[in-house]
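Copied over from Swiss-Prot:
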type     : residues : note
SIGNAL   : 1-19     : signal peptide
DOMAIN   : 22-75    : domain 'Clip'
DISULFID : 23-74    : disulfide bond
DISULFID : 33-66    : disulfide bond
DISULFID : 39-75    : disulfide bond
DOMAIN   : 110-361  : domain 'Peptidase S1'
CARBOHYD : 114      : N-linked glycosylation site
DISULFID : 140-156  : disulfide bond
ACT_SITE : 155      : active site, charge relay system
ACT_SITE : 220      : active site, charge relay system
CARBOHYD : 254      : N-linked glycosylation site
DISULFID : 285-300  : disulfide bond
DISULFID : 310-337  : disulfide bond
ACT_SITE : 314      : active site, charge relay system
């Protein structure tokens, strides 16, 4: 018994010395909070194969999460020296199983149209436009998918205003509050984000099937190649795209949207917000949008009064949590904003993985 006590005390001492927290797993084992990639048993059991995790396994992983500032789980193994270098994520699509994407803080959140935490959804991109008069405004969103590319909607890069002289001039990553120069959590000067990163545009790649003058928003997807590499940190990192064997989210289950879009009073929100709402069955969506011709490369979600993604979020990500965040859709269009019974329509990312891979380069 004395040896057991000594071991527990030693583990706690090591955790304090290394700045890690002691914890207890859901199956009542003592552990230490570490990044997943440093925990061999969890890494090998859940992430070193191509199989799709079950709902029970996903629930277990969620319960393993530590309430720490960084992304950690309760690991019963101790530490290994394997670590991810986030700056190594560059031109290829990041690998979820190598923990190169889809990770943000894991503290408890209340979702439902609320403001995000300062370091939640660090892949969100703001697209800034300049009018012919020189006025600048953020009008679309996007998502960082690797160290050089942002995924967005085609209508954010090809539309009537752009034909008339408006220009996309800037992509901003790592923004939380557009009204402040330095973003701090709850005004705490000791808990602040790194400065946002602004990028010029090297290339704009609109899907060739998108028709900006057509009656439908089919193939509403595009890529932006930034003018330089992104610097990865806790406030800027990529989202995961769906694996090839990704099972779509079933109707009735929730997905999450994020952005700086309109509030209920149609005013643009200066702070990053999130909303959670259910996926719509495809046949029900077809009935609602019978004049639009919703196709298989699109999905529908929302239709809950007061909770939806609005026009200011065009091009932003629609996501599902599979321990890490996977982008399932690109925000395309809707009927007004958060209208009861009317789902928004999103471009289905899994339908365009080959096109995305073919159009990203070094």
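Every residue gets a Cβ built from N, Cα and C, even glycine.
Put simply, residue 66 (disulfide bond) is 38 Å from residue 156 (disulfide bond) when counted between their Cα atoms. Ranked by Cα separation from residue 140 (disulfide bond), the recorded positions 39, 220, 254, 314 are led by 314. Considering only the active-site residues 155, 220, 314, residue 33 (disulfide bond) has 314 as its nearest partner by CA-CA distance. Within the same chain, the residues at least 6 positions away from residue 75 (disulfide bond) whose Cβ sits under 8 Å from its Cβ are 31, 32, 33, 34, 38, 39, 41, 42, listed in sequence order. Taken as a whole, the domain 'Clip' (22-75) shows an average pLDDT of 79 in this prediction. Among the recorded positions 23, 66, 114, 300, not one has a Cα within 10 Å of the Cα of residue 220 (active site, charge relay system). Highest local Cβ density among the recorded positions 114, 254, 314 belongs to 314, counted as other Cβ atoms within 10 Å over all protein chains shown. Comparing the disulfide-bonded residues 140, 156 on other C-beta atoms within 10 angstroms of each C-beta gives the minimum for 156.
Between the alpha carbons (Cα) of residue 114 (N-linked glycosylation site) and residue 254 (N-linked glycosylation site) lies a span of roughly 16 Å. Proximity to residue 74 (disulfide bond), judged by a C-alpha distance within 10 Å, picks out 66 from the recorded positions 66, 155, 254, 285, 300, 314. Compared over the disulfide-bonded residues 33, 39, 300, the count of CB atoms lying within 10 A of a residue's CB peaks at 39. The secondary structure of residue 254 (N-linked glycosylation site), as reduced to three states from DSSP, is extended strand. Using a 10 angstroms CA-CA radius around residue 23 (disulfide bond), none of the recorded positions in 155, 285, 314 qualify.
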